[in-house]
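Student: Below are the structure tokens for one structure; questions will follow.
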Amino acid sequence: MTDYKATLNLPDTQFPMKAGLPQREPQTLQRWNEIGLYSKLRKIGEGRPKFVLHDGPPYANGSIHIGHAVNKILKDIITRSKTLAGFDAPYVPGWDCHGLPIEHKVETTFGKNQPADLTRERCRTYASEQIEGQKADFIRLGVLGDWDNPYKTMDFANEAGEIRALAEMVKQGFVFKGLKPVNWCFDCGSALAEAEVEYQDKKSDAIDVAFPIEDADKLAAAFGLSELSKPTAIVIWTTTPWTIPANQALNVHPEFTYALVDTGERILLLAEELVESCLQRYGLQGQVIATAPGAALELIRFRHPFYERFSPVYLAEYVELGAGTGIVHSSPAYGEDDFRTCKAYGMSNDDILSPVQSNGVYTPDLPFFGGQFIWKANPAIVEKLAEVGALLKHQPIQHSYMHCWRHKTPLIYRATAQWFVGMDTQPKQGGTLRERALAAIEQTQFVPAWGQARLHSMIAGRPDWCISRQRNWGVPIPFFLHKATGELHPRTVELMEEVAKRVEQEGIEAWFKLDAAELLGAEAADYDKINDTLDVWFDSGTTHWHVLRGSHGLGHTTGPRADLYLEGSDQHRGWFHSSLLTGSAIDGHAPYKALLTHGFVVDENGRKMSKSLGNVVAPQEVNDSLGADIMRLWVASTDYSGEMAVSKVILQRSADAYRRIRNTARFMLANLNGFDPAKDLLQPEQMLDLDRWAVDAALRLQEEIIEAYADYRFWNVYSKVHNFCVQELGGFYLDIIKDRQYTTAADSVARRSCQSALLHISEALVRWIAPILAFTAEEIWQFLPGERNESVMLNTWYAGLERLPEGFELDRAYWDRVMEVKAAVNKELENLRTAKAIGASLQAEVTLFCDDAKQADLAKLGDELRFALITSAAQTAPLADAPADAVVTEVEGLKLKILKSAHAKCGRCWHFRADVGSHAAHPELCGRCVSNIEGEGEVRKHA
């Protein structure tokens, strides 16, 4: 028996079947570094339209987690796809470096009593170390960026830029000093930003407290009574007993109806709607003796339960009837609404009682409770209220309460003198900051769209922004305050520029070590130099000012706008929010044109990642076990607009999908063996119909893929590429071409046509996957035939795909119909295989009983119909001639009859043909194979 293997064009490639990504990816990273890929991208980007994705800086503390990986991979997919779309899309990574978590880490290591300058020095060193670790992990993910020149909020230039941004806001009149309740953490010893507050369940003491009447005659008159017949008290309900010592007012809603309720021993004042529930809570019987609107109670005085002072009634529309008594006890130092209401009634800052110190301990001079920590004082306060007969009910409750995101300890609102950016302050020119920011939101694209309403509601309802902190490790607020008046120095903006110049050279230490006389001269004696630092959200929120404005060549000289900010959904109240406020204040618009939000990562059961649950997926472990490309594929395949589920099982599914794409690429590379595009590439009109269809299908798909990338629908890109590999290619085209590819003459039109199509599809495919499978695309690129540059990323979307001409007979609809018929044939072949009536599909001879239209349709392929169906013989016949045992298919107008071929099997092409053995010199071959190895070779037109 002759071995005809040498006469076949068998597939051959050095492209490995086994990906070995954990070992191979680091080699690719090294190669990118050696060829200076990022620099080359910037070079070829010169003159292109610019697309700027501004990096929201991660905090320089701890190892990266799966959420960081998702964020950076999404950004990399975008910048890579924009590069392929013909943009100059730089990516400058950044880090957020100041703030309490780093300072806390340093204090934990070195103690709290070290000198402030040494603390700052150690914070800077610690942040630098953390950045290096995170940087290595981000690079390992395949993220292309300017890693040698990232921006860091602690860089001297950025610290100076932040001071200049603040100066702009001062100049426009947005910054003021005020006494206001702010989120306060005792452990931090500082105010917290809204984004640093999280909510957890907390057990609290809910108490109902009676405040006895002082202005009895006025109260009787308000209710239309001549007098009050019994002792009378107004009742409040609160879950913060520790605020009772600071009570200064009682708030009622002007439009609610209030009732005097006779309970036997005394009369209680309650909201009429809540009388029944309150009496039930107190275990009392009672009768309503009079009612009055809340507005009638204004300024009537009651007595504090245990201090010798009065609490007047103020009208406040924030009072609700959802719980309690309909009356709110007001401690203006410890509540935003309380503070606003008391200020509206003319209470001065000096009149506001603030007995809680920064560490949560009452001042020593507070009667009964001085020197006690507020949470520990709660039982003593409850006991005191009971002692004086003011406690109507005490009941522990579990409720959601604000906590410090770092220490996980409860927070309070605490009125302190702080620096604020005013939301409704009228600036020197233009609208208020709230008006500007709300208008800017309307001009911003949101992906997904619901982000717009979310950010709008946050801006519409937010209070003034407290930008000052009482910490060491932060950018200073370089203000001088007049000792007598408390006013800012009249040359503040000018002085801030002088400070910025020094900070540019020496860092923030330049301010802290500054002798005021150096800038103020003789005036220094009249001014205090303040040592407050800026909220870290002001740090990151002003990066558009110094990063986009030119320090990294990302923007314009004035009013820069990034094309895109991309972060997790929590950043609507974080970086998106602070950047919007600073951009609107300084430039009158948002610093971004579009905001893209991704969801949080959860496990396959929708639970948050937690070490205690054992469901944490660490990106470092995925890199080492499966490879970064698998993680990148998981990210791309997941709809990021909601929660993103990940687990080992889910990642294994991504690995399976990856294998399908890789194997498809490998098959095409193997069949491009010996193909030189410079001399072997055919023009479209020279190619077979099926090959032209495949190229046209790739072009149509490419158009959809480009659109999906532009719309940030990466899961659509993944599904389209995967389906193309599985269905159009793997399930149809690549199966059909094997016979022609392997058996026709090496240089025949039939084979070169097929190889031309494979090259076009491979050139397109490698670009489609490059933004997602960054490492694998680069690997494929190195194995593609023909002259090419060093990296797939140094190119744009493939322009060599050709559309089928208008009016082409075997158009895309035609091949769709052939696919439908082939699927029906395959289904019956599988049934016969299961019944062991047949082996390989080439053992089959199929008769297609068709209606007239379908018979005429399939007849266009002539004898090549058998190649399209991958059977040894295929013929059509009228539907009316179908025997009773013909198989009815799901295709309208088509029945099938499949028989096992009685002919001999060709030893070369494995077709079962009647002419096997008809050639004496090659008794094992069919006539077609003899022609292909000795004669002129077969001619194919269609398939």
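From the backbone N, Cα and C atoms, a Cβ is placed for every residue, glycine too.
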Student: Kindly point out the range from 158-162, 608-612, 623-627 that Swiss-Prot annotates with motif ''KMSKS' region'.
Tutor: 608-612
Student: In Swiss-Prot, which of 3-13, 58-68, 102-112, 333-343 is labelled motif ''HIGH' region'?
Tutor: 58-68
Student: Could you give the residue numbers and ranges of same-chain residues that sit at least 6 residues beyond the motif ''HIGH' region' (58-68) on either side and whose C-beta is under 8 angstroms from one of its C-beta atoms?
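Tutor: Answer is 95-97, 99, 101-102, 105, 127-128, 130-131, 133-134, 137-138, 152, 568, 600-601, 609, 616-620, 646.
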Student: Between Lys611 (ATP binding site) and Cys929 (Zn(2+) binding site), what is the CA-CA distance rounded to a whole number of Å?
Tutor: 64
Student: For the Zn(2+) site (Cys906, Cys909, Cys926, Cys929), what does the 8 A shell look like? I mean other same-chain residues with CB within 8 A of the CB centroid.
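Tutor: Close Cβ neighbours, site residues excluded: Thr743, Gly907, Arg908, Trp910, His911, Arg913, Val916, Leu925, Gly927, Arg928, Val930.
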Student: By DSSP assignment, list the helix, strand and coil residue numbers for the motif ''KMSKS' region' (608-612), in that order.
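Tutor: When I sort the residues of the motif ''KMSKS' region' (608-612) into the three classes, I find 0 helix, 1 strand, 4 coil.
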Student: For Glu567 (L-isoleucyl-5'-AMP binding site), what is the secondary structure by DSSP, using just helix, strand and coil?
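Tutor: Its secondary structure by DSSP: strand.
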Student: Look at each of the binding-site residues, Cys906, Cys909, Cys926, Cys929, and point out the one with the fewest other Cβ atoms around it within 10 Å.
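Tutor: Across Cys906, Cys909, Cys926, Cys929, these binding-site residues, the one with fewest Cβ atoms within 10 Å is Cys909.
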Student: So, three-state DSSP: helix, strand or coil for Cys929 (Zn(2+) binding site)?
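Tutor: Its secondary structure by DSSP: helix.
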Student: Near Glu567 (L-isoleucyl-5'-AMP binding site), which residues of its chain come within a Cβ-Cβ distance under 8 Å, counting only those 6 or more away in sequence?
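Tutor: Listed in sequence order, they are Gly56, Asn71, Gly574, Trp575, Phe576, Thr597, His598.
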Student: Around Lys611 (ATP binding site), how many other CB atoms lie within 10 A of its CB?
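Tutor: 7, counting other Cβ atoms within 10 Å of Lys611 (ATP binding site).
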Student: In terms of DSSP three-state secondary structure, what is the assignment for Cys909 (Zn(2+) binding site)?
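Tutor: Coil, per DSSP.
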